[in-house]
Amino acid sequence: MASSSSLTRSGSVHLDEKWKLSKKDGGASRITRSSSTSSSSFNGKKQGRCAFTRKCARLVKEQRARFYIMRRCVIMLICWRDNYSDS
């Protein structure tokens, strides 16, 4: 019986400590914060991938525009040379 009373005392002390900790820190909010932190780090990775994809898409679009401008300039110079060489 002595062992059961010591278990009860230690159990109640343990529960009291838990209650005090949860009362001080807001036990449920602490769990929420830790889960939101892990989800925000996941979102950070996902946003990082999206940012990389957007950056690549922007660079491809820019290179395509540069290539189009260069092509138009070359065509213009060829036409200009052909027109002036004929005259």
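Just so you know, glycine gets a Cβ as well, placed from its N, Cα and C.
According to Swiss-Prot, the protein has these features:
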COMPBIAS  1-11  compositional bias 'Polar residues'
REGION    1-47  region 'Disordered'
COMPBIAS  14-27  compositional bias 'Basic and acidic residues'
COMPBIAS  29-41  compositional bias 'Low complexity'
REGION    51-82  region 'Required for DVL/RTFL small polypeptide activity'
TRANSMEM  64-80  transmembrane segment
CARBOHYD  ASN83  N-linked glycosylation site
Counting by DSSP secondary structure, give me helix, strand and coil numbers for the region 'Required for DVL/RTFL small polypeptide activity' (51-82).
32 helix, 0 strand, 0 coil
Taking the Cβ of ASN83 (N-linked glycosylation site) as the centre, how many other Cβ atoms fall within a 10 Å radius?
9
